[in-house]
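Peer 1: Before I ask anything, let me first share the structure, which is written out below as structure tokens.
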Amino acid sequence: MSESITIGVKPDVKAVTLCTDEQYQEMYAASVADPDTFWGEQAQRLDWIKPFTKVKNTDFGGDVSIKWFEDGTLNVCANCVDRHLPERANDVALIWEGDEPDQSQKVTYGELYEKVCKFSNVLKGMGVKKGDRVTIYMPMILEAVYAMLSCARTGAIHSVVFGGFSPDALAGRIEDCDSRFVITADEGLRGSKKVPLKKNVDEAISISGIVEKTLVIKHTGGDIDWAADRDIWYHEAVEDVSADCPPEEMNAEDPLFILYTSGSTGSPKGVLHTTGGYLVWTSMTHQYVFDYKPGEVFWCTADVGWVTGHSYVVYGPLANGATSLVFEGVPTYPDASRFWQVCEKHKVNIFYTAPTALRALMREGDSYVKAADLSSVRLLGSVGEPINPEAWLWYYNVVGQERCPIVDTWWQTETGGVMIAPLPGATPLKPGSATRPFFGVQLALFDNEGKKLEGAASGNLAVTDSWPGQMRTVYGDHARFQQTYFSTYKNTYFTGDGCRRDEDGYYWITGRVDDVINVSGHRMGTAEIESALVAHEAVSEAAVVGYPHDVKGQGIYAYVTPPVGVEPSEELRKELVQWVRHEIGPIATPDLIHFTPGLPKTRSGKIMRRILRKIAENEFSNLGDTSTLADPSIVDSLIEKRLNR
Ligand code: WT7
């Protein structure tokens, strides 16, 4: 992307913003010069039960220890709901828009309070106690939000698992955090297709066996199996509970949730976020990055199964007393105008989505956007993957009608909330750049030899000091936390992303530098897909890499070696695609399966993934040094049979 396409926002857009460039510079300088004072003040945005006396106590060296506001106590649910009641009991907290356009519902803060108190009492009635892990496997319905907030209220730790994951993947996540409770619905709906959630839970439980109670929300009314000693209908249980449920007093460092995410090796990691720092971070970033003002309707299109849904559908907006829109459906159902129709219908002011959705909609043409009245929309956000210039400009020109700033927000499950993003009005935009660090975020670039780079440079992106929203550990495996994030560069958090910093100090994320791929904004470890493939009897070896994909950002390219005697065939290809969908879920569906009698390996047996990546990218003119390969001829045959041309 050429940096010369600098698009500044129009002056009238600037006038409505919270923060000028000078204020940003000043606040940023203060935030890094004296984090204790800065965050001590910023944390006053929350209601504390017992005020903290210590602010920051963090160490990126040794075993790594991260504590913020460590002697303070508070309750996240009380901050997201109860404390708004005096002023906002009649303001809308949540707007639900169902899969079908004629279904929607509004819930005020007053109603939310009652719903969440009752839901919390249902959880208590099931035996859920402070510190217990509760798995939430739900469609995008309001009960998913109630479930999360109720865990927070009662001190339970939620682990939301995206409804698109398979029973196997769900079972693995239930087991990893030893979760004896599951909350689900009979079925979900996505673009009129039914998702058999309860059936998947039943299957997962038959695999993992540790679940004692499942709470089931009746959503579609579809047929499901029932285990009377284990399954509880929510609508029945809620009938006899009281609407009074005082929030549990939690320490700032008590866990709030676990969210599983993929890394370059091994099984998904349980990213653990805690109470005080996470809520300070999500509420503050929600206000500043989205320039949120009271009364506005905020729509983040992410599913609560991902961190974006946690931080910007639920916790950030509700902590700020915002109106947050919860959308059950998909962008293309009933047709490609759905997003824009919903913006018009609910008078959305701030709209936050992923580049993959924009690319898919852009292909359908401008008429779907132009048919809707988007005059309420004043700010657009992007998240999850680099946004390509074409999509950026379409978003800016067609959706935003050249009057809405675009905030391209870079962050990760691990970071809890936005880390790099423009502050609307304060930051001149450059399409394709997430621009500058948020308050308190100290970035650094390193080369592959571990040397820190200064000024304009390209390298590996790291963060040199802690911020309140940072993950605290990998659930049940602190050594893995230290090893994954803090062993690459000394006393520094390594993000796994490559990045360029330009002359103006703007950051341009170039994508992962590890074996993680980003498919439609969903993060996946190639190792996970490989292990799913090799679990099939017709696969003796597999190597998975990403390749550029017009809509998905990256597609999944799998090199597969069948055992001797097994002939590759179209049937086998289809079977393997189904197999991976069944093992992990539809988001892991391989786009291309390349059968090969062998993989390029060094003499010590290490697969040369660099070569496989280049071939999958259809960029094989410069493969670098292949002289260390055990059998260099493999490369020619791979090139000859490559599938992405
Ligand atoms: C990875 C994190 C952030 C919440 C959703 C994804 C990529 C994320 C951007 C962006 C370029 C981005 C990075 C990052 N990524 N946002 N604005 N520009 N890349 O969270 O699943 O933990 O994935 O998504 O590669 O490391 P996640």
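Our numbering is plain: 1 for the first residue shown, then up by one each step along the chain.
Here the Cβ of each residue, glycine as well, is placed from N, Cα and C on the backbone.
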Peer 1: Check TrEMBL: it lists GLY384, GLU385, PRO386, ASP408, THR409, TRP410, TRP411, GLN412, THR413, ASP497, ARG523 as binding ATP. Then name which of ARG480, ARG512 it lists for that same site.
Peer 2: ARG512
Peer 1: Per DSSP, THR409 (ATP binding site) is which: helix, strand or coil?
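Peer 2: Reduced to three states, the DSSP call for THR409 (ATP binding site) is strand.
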Peer 1: Of all the binding-site residues given, VAL534, VAL539, which residue's CB has the most CB neighbours within 10 A?
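Peer 2: Answer returned by the neighbour count: VAL539.
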Peer 1: Counting only residues 6+ apart in the same chain, whose Cβ is under 8 Å from the Cβ of THR409 (ATP binding site)?
Peer 2: VAL289, TYR352, GLY381, SER382, VAL383, VAL418, ILE420, ALA421, ALA434
Peer 1: In Å, rounded, how far does the Cα of VAL534 (Mg(2+) binding site) sit from the Cα of ARG581 (CoA binding site)?
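Peer 2: So the alpha carbons of VAL534 (Mg(2+) binding site) and ARG581 (CoA binding site) sit roughly 14 Å from each other.
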Peer 1: Quick one: which of the binding-site residues (GLY191, SER192, THR413, SER520, VAL534) have their CB closer than 6 Å to ligand 1?
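Peer 2: The qualifying binding-site residues are THR413.
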Peer 1: Find the shortest Cα-Cα separation between PRO386 (ATP binding site) and the recorded positions VAL539, ARG581, LYS606, and name the residue that gives it.
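Peer 2: Answer for the nearest of the recorded positions: ARG581.
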Peer 1: Within 10 Å of the Cβ of ARG190 (CoA binding site), how many other Cβ atoms can you find? Include all protein chains, please.
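Peer 2: If we count other Cβ atoms within 10 Å of ARG190 (CoA binding site), we arrive at 17.
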